[in-house]
């Protein structure tokens, strides 16, 4: 693909995405489903952006976009707010996330008629277990929904995004697509290494921030350091040790650390605001590109072959896996009220992270199909594994955003109309 073509595609999608978002705003509906559907139209249906070209660009857009979105989202999360809902968030992001992944994996394997222990299904579960409440922020801000409920969902997403990426890397290892040999040590290096690297990156930035007056160059340093943390975790560290560090986890932790330390330096508030605003605007650009490219990346052949199976996987993930994960996790003492559990169970829309992960996994599987053991590929060949997961993820995002955004406020009124403000523990 030529450079001119790539620039032309980016121009088309950004301009179109801007008008699509405006239409969604006028109609009062989320923009994500519109982006996904538009991607299908300009991709497989009209071939304006050929799926093979979309896939080539998407791999780069997805990773860059995830870094910026995780960095900005974590930076704006405040400990003083998080502490109020921390117990619930921890349960949702550990036990809840794991159960959601496992149940989604079982559903996928049953639907595609592969053995229950086959890791392919759990790869789908890992990709789609992370939530994206940012799609509901406009609804929360314009409604009387209890802020604590909204904060819990937003905080859950900030932390389960990198954890979902870690789970995806672990399942990829069982498919023979990881850089390490010991899964347990790799899990520890991914998670603990990501946390430590993120804190070190945050402290380094804070030290430079206090020592030098970078002024308008503070933002390039912020973005550059985040990109370096990802590169160190995903490329440099594995080449030296054979084990991986989650670069995405490191980026999120750095953002969280800096968001809760830099704000106390009032003399540099203007530069910090400029930095945050730049991340927000860049995140908006990447959101448009990620969702449209996801739709454009799906070939018509794959869509026709797997849309029914993918739809069943999506319904299972939304109405069985997520509710089971939430109910089991939040039943652990101190348990939260039943109405809150129901609301959390039905308000977990998938978004940016599953979209970006599906693109990355699609590319990894197709590029390294020879590494996947025959014991796995005898049930589904590599290209079918990649294609089916891409379609199932696409439909999971599409359905979850449409349904859960539309019933967010009506469901809240139904559950809490007698007691409109709940008390989270």
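From the backbone N, Cα and C atoms, a Cβ is placed for every residue, glycine too.
Over in TrEMBL, the protein carries these features:
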DOMAIN    18-411  domain 'Cation/H+ exchanger transmembrane'
TRANSMEM  31-49  transmembrane segment
TRANSMEM  61-82  transmembrane segment
TRANSMEM  94-112  transmembrane segment
TRANSMEM  184-205  transmembrane segment
TRANSMEM  217-233  transmembrane segment
TRANSMEM  245-263  transmembrane segment
TRANSMEM  284-302  transmembrane segment
TRANSMEM  308-330  transmembrane segment
TRANSMEM  342-365  transmembrane segment
TRANSMEM  385-407  transmembrane segment
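Take the transmembrane segment (342-365) and the stretches 31-49, 61-82, 245-263: counting Cβ pairs under 8 Å, 61-82 has the most.
Here the transmembrane segment (385-407) sits against the transmembrane segment (31-49); at least 3 CB pairs are under 8 Å, leaving out pairs fewer than 6 apart in sequence. Outside the transmembrane segment (94-112), and at least 6 residues removed from its termini, the chain residues within Cβ reach (under 8 Å) are 118, 120-126, 128-130, 160, 163-164, 167, 309, 312-313, 316-317, 320-322, 324-326, 328-330, 332, 379-380, 388, 392.
The transmembrane segment (61-82) makes contact with the transmembrane segment (284-302): 3 or more of their CB pairs lie within 8 A, with pairs spaced 6 or more apart in sequence.
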